[in-house]
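Asks: For reference, TrEMBL lists these features for the protein:
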TRANSMEM  55-76  transmembrane segment
TRANSMEM  88-109  transmembrane segment
TRANSMEM  121-141  transmembrane segment
TRANSMEM  153-172  transmembrane segment
TRANSMEM  178-195  transmembrane segment
């Protein structure tokens, strides 16, 4: 099953799905953030098999599930595109090369880990990963922000307030992430219910 996009998508096949995940698995250096960025590049912008809004919904679902988010992304995207076989092909394509590269790099790092030059290089890599993280997270929230902006200033304001408020609470109070998700969801649902009710009254 291929997602319906507003733009022309690349022809989908199981073989293409496998090699797309294989490429991501071989090149996803830098952890989950880099992998997210590569998923966006391949599935949204290159092949156009899913839309940015569909991907944002997948991200939202995966954030409230336990375990590794990247595995959850892989499962949901694979299922959306090709059902059960899509899940299997996606997981194999992502995990096999990633595991092989990790084993090789771990072996190399163990032998050179005490080198000061290696530590200096790693610090530079961390800076690059931080930049990629900013770009990736912006891509994740951009469709939600744009959609709510089009729905009206009040809904847009609620969205921004929840984003800023959640970040501030997490930094200063450090509550459970699950609690923060629940509170954010409840606040958003209550605000949207109030706004919808108010709009109905105005339309009458």
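Cβ coordinates come from backbone N, Cα and C, glycine included.
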Asks: Please figure out which one of 55-76, 88-109, 121-141, 153-172 racks up the most CB pairs under 8 Å against the transmembrane segment (178-195).
Replies: 153-172
Asks: With Cβ distances under 8 Å as the criterion, find the stretch in 88-109, 121-141, 153-172 that has the most pairs with the transmembrane segment (55-76).
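Replies: Stretch with maximum Cβ contacts: 88-109.
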Asks: Hey, which bits of the same chain come close to the transmembrane segment (88-109), Cβ under 8 Å, at least six residues off its ends?
Replies: 14, 17-22, 24-26, 28-29, 70-71, 74-75, 77-78, 82, 118
